[in-house]
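S.K.: Got a structure for you, written out below as structure tokens; questions coming shortly.
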Amino acid sequence: MNPNQKIITIGSVSIVLTTVGLLLQITSLCSIWFSHYNQVTQTNGQPCSNDTINYYNETFVNVTNVQNNYTTITEPSIPQAIHYSSGRDLCPVKGWAPLSKDNGIRIGSRGEVFVIREPFISCSINECRTFFLTQGALLNDKHSNGTVKDRSPFRTLMSCPIGVAPSPSNSRFESVAWSATACSDGPGWLTLGITGPDTTAVAVLKYNGVITDTLKSWKGNIMRTQESECVCQDEFCYTLVTDGPSDAQAFYKILKIKKGKIVGAKDVDATGFHFEECSCYPSGENVECVCRDNWRGSNRPWIRFNSDLDYQIGYVCSGVFGDNPRPVDGTGSCNSPVNNGKGRYGVKGFSFRYGDGVWIGRTKSLESRSGFEMVWDANGWVSTDKDSNGVQDIIDNDNWSGYSGSFSIRGETTGRNCTVPCFWVEMIRGQPKEKTIWTSGSSIAFCGVNSDTTSWSWPDGALLPFDIDK
């Protein structure tokens, strides 16, 4: 065979081998495709799985991962909204541990901090927020002049995360209001802000920031509400509203609200009682509130109601009196106000009932809004004596306090089958007790624990006057 024939022969063999190899590749690919197709059609309707299938032929070994995820259209699942439920009692408490302190007045001497009053705290499942009524002004600014006034068109309800000084950069607008309450039902936030003239004030209800309902003053005499959190359970929220004199018989309504809409209301028949600025908390299937008697009582009135708005009323029996001004501790009353010449006026406050016992929060001073302490009276809900079983100091009597109120952290947040009781204390600075042109406050908050705690003084601590006051 001559060289040319050898070349032709080698070329022909190469072409044949190449052709055979190509055909084998095509055959292998077809085999893979048909095998995959058959497996998909045979397993249609079975759960998805990941299988490893090995294919062999004379030319190569191919290991292919085949995922049996044949086309299925599934609607995206929407997680169920969690609502606060009823049925939990208050968690056992031996004392009170600090939760937060905002130091707003100290920081405000050189920072952009709102002039505020009536701060309160409320918690959703995911966060706790400080709500407060601004005066449309900042500390150490000319617009802070005259902010001792309670009701003005510049007052708004705003909120910020707990433990921070309330400023324009961290605060959220909630409502135009000079009296307010707010609470979460779990999925959303309810706010109720009251504004307008004294004789025709209107309450504007919002759910997640959208106006959902209104309520007009029904007695034409400074309709007002809690200045602390409302209470939500089983998709409904509850609050109390007062209309009428601050120093005589007034009129009261319990409101039942769902997603910002008033779905029930009941007038409270409370002749001889005076309910203002109630501090409320969930208790089993009920809501319990301890309020301010600005008319005659140095002891605090209470109201308990259920989801049907059936209610009971009374006064905290204990001779450890909770209001300010007040007489020295003595003999209390379960059904009527204790006056002793000190019952008129008052300050917002709170108590927590534990069976026959009661934790009472109160100022240390009998006459002025200064100092603060928590007193445990083991029989104070049913007995009128003045015996107490322990005191925890919160603010010493040389430093200003102010309003105080309750809030709670629910089992949906903590995972516990009980409700954690908590409280906040406002520390008012400026007018009328100090030589400034303004009135504002900071706040501190504590929660109940069933472990060790301590007494101390956690005052506001700001050095006054500010530059604007000089």
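Cβ from N, Cα, C; glycine included.
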S.K.: To which of D267, D269, D323 does Swiss-Prot also attribute binding of Ca(2+) at the site defined by D293, G297?
M.R.: D323
S.K.: Identify the disulfide partner of C230 as annotated in Swiss-Prot; candidates are C183, C232.
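M.R.: Disulfide pairing in Swiss-Prot: C230 with C183.
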S.K.: Going by Swiss-Prot, which one of C278, C317 is joined to C291 by a disulfide bond?
M.R.: C278
S.K.: In Swiss-Prot, C91 is paired in a disulfide bond with which of C418, C422, C447?
M.R.: C418
S.K.: I'd like the Cβ neighbour count for D150 (active site, proton donor/acceptor), meaning other Cβ atoms within 10 Å of its Cβ, all protein chains included.
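M.R.: Summing over all protein chains shown, D150 (active site, proton donor/acceptor) has 14 other Cβ atoms within 10 Å.
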S.K.: Over all shown protein chains, what is the count of other CB atoms within 10 A of the CB belonging to Y403 (active site, nucleophile)?
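M.R.: A 10 Å sphere around the Cβ of Y403 (active site, nucleophile) contains 25 other Cβ atoms.
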S.K.: Where among the glycosylation sites N145, N399, N417 do you find the Cβ with the fewest other Cβ atoms within 10 Å?
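M.R.: Fewest other Cβ atoms within 10 Å, among the glycosylation sites N145, N399, N417, is found for N417.
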S.K.: Through the lens of DSSP with three states only, how would you label N399 (N-linked glycosylation site)?
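M.R.: In three-state terms, N399 (N-linked glycosylation site) counts as strand.
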S.K.: Specify the nearest of the recorded positions N145, D150, N417 to Y403 (active site, nucleophile), where nearness means the distance between Cα atoms.
M.R.: D150
